[in-house]
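*Asks:* If you look up Swiss-Prot, you'll see ARG22, ARG29, HIS134, THR349 marked as substrate binding site, on the strength of similarity to another entry. If you look up Swiss-Prot, you'll see GLY109, TYR110, SER182, ASP207, ASP208, ALA209, HIS210, THR237, LEU238, SER239, LYS240 marked as pyridoxal 5'-phosphate binding site. For LYS240, the entry in Swiss-Prot reads N6-(pyridoxal phosphate)lysine.
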Amino acid sequence: MNSLDAFAAAKLADLEERGLRRTLRENWREDGLWISVDGQKLLSFSCNDYLNLTHHPALKAAAIRAIETYGVGAGASRLVTGNHPLLEKLEARLAALKGSEAACIFGAGYLANTGIIPTLVGKDDLILIDELAHACLFAGTQLSPATVRIFRHNDIAEVESLLATNRAHYRHALLLTDGVFSMDGDLAPLPALAEICTHHDCWLMADDAHGLGVIGQGRGSRHAFDPAPVIPLQMGTLSKAIGGYGGYLCASKPVIDLMKTRARTVVYSTGLPPALAASALAALDLIESDSDLVKKPLANARLFTTRLGLSPAQSPIVPIILGTVEAVMSAAQTLFTQGFLVTPIRPPTVPEGTARLRFAFTAGHAAEDILHLADVVAPLMPAKAR
């Protein structure tokens, strides 16, 4: 065995011993709710397709029309020949929905964050980031030479202290947070963060991947508050409630113009395929016209938390923290045998000691299935959580 294979094998053996090795299981979703895994048909509570739009006829028809008219791929970077008119139309729609001046489409949410952050801050700058922020926000900080300070989850007092102590020593400051936290389902205290950031001349960026389409009348986490706070940098993805693929940033026109000329993940990545832009536009049509659809995922999550006697869900994401890897793997297998797919979440995705079942509720889940799920989950929960 050569040194490369030996290295990989040793890493895999260590992960296997700690119950942290991950493997891909072939699966396919039939209709946005039901999924076939290893030949077994399961009701999924793991998918981020919150509005069940991946199989919606309007999205499929829009994508098919775009493929037949424009082809499958963009063919080049947006700065070369990949800037299809549908992308600019989508940017205008997203900016209007999010209440910003302009928008920039990226190839994926991960590409957005790893492009935006190093474009904005560098050697003489400061980044503050929530300890539970998504991995791609942390990845973006690693691509910048800026000084990074991590603050305790949603801890306003620590943010205030860090900025009061450090802000004067840096040229610019950027605060990074999720709008809706992907593993905990709670919302960031955006009004308080916005006020502190304004006071200290710190730029606030919210990753709203799990907010668009399901929170704040579909406009995202900023609009969950009244009045909506000013968030100068609103990032998100097109792969969750939108049902497709891609990422975006909504911001002022000067910021967006800077992204389109300097963000490396725009400049050096092929543009988003026209079909994905077309399906995203169809999704926005539905989000803007069907308020009942938008409300349903959160209502379903709250039906689940009410049945279990938990605090009301703040988003379609509900975690049940079991602690150990062994406990969460066993619980996931129990749910599997009962016909439910609920993916166990283990470190390093979540901190050590907080392995959990992560439930994602969609518009299509039926009340009777949610109540049945809750009844199966109840005996699996730690006593202190009941």
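Yeah, the Cβs are placed from backbone N, Cα and C, and that goes for glycine too.
Looking at the shown structure, what environment does each listed feature sit in?
*Replies:* When other Cβ atoms within 10 Å of the Cβ of HIS134 (substrate binding site) are tallied across all protein chains shown, the result is 23.
For the recorded site, HIS210 (pyridoxal 5'-phosphate binding site), the DSSP three-state label reads coil.
The DSSP secondary structure for LYS240 (pyridoxal 5'-phosphate binding site) is coil.
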*Asks:* Between the Cα atoms of HIS210 (pyridoxal 5'-phosphate binding site) and ARG22 (substrate binding site), find the distance and write it as a whole number of Å.
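*Replies:* Between the alpha carbons of HIS210 (pyridoxal 5'-phosphate binding site) and ARG22 (substrate binding site) there are 24 Å.
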*Asks:* Cβ within 8 Å of the pyridoxal 5'-phosphate site's Cβ centroid: which residues qualify beyond GLY109, TYR110, SER182, ASP207, ASP208, ALA209, HIS210, THR237, LEU238, SER239, LYS240?
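*Replies:* Not counting the recorded site residues, we get ASN48, HIS134, LEU212, GLY236, GLY247.
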*Asks:* Non-local Cβ contacts of LEU238 (pyridoxal 5'-phosphate binding site) (under 8 Å, 6 or more apart, same chain)?
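*Replies:* The list for LEU238 (pyridoxal 5'-phosphate binding site) reads GLY109, GLY244, TYR245, GLY246, GLY247, TYR248, LEU276, ALA280, ALA283, given in order along the sequence.
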*Asks:* For ARG29 (substrate binding site), which of the three DSSP-derived states applies: helix, strand, or coil?
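*Replies:* SS state of ARG29 (substrate binding site) = strand.
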*Asks:* Of ARG22, ARG29, HIS210, the binding-site residues given in the record, which has the fewest other CB atoms within 10 A of its CB?
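*Replies:* Least crowded of the binding-site residues ARG22, ARG29, HIS210, by Cβ count within 10 Å, is ARG22.
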*Asks:* Among GLY109, TYR110, SER182, ASP207, ASP208, ALA209, HIS210, THR237, LEU238, SER239, LYS240, which the record lists as binding pyridoxal 5'-phosphate, how far apart in Å are the two most distant Cα atoms?
*Replies:* 15
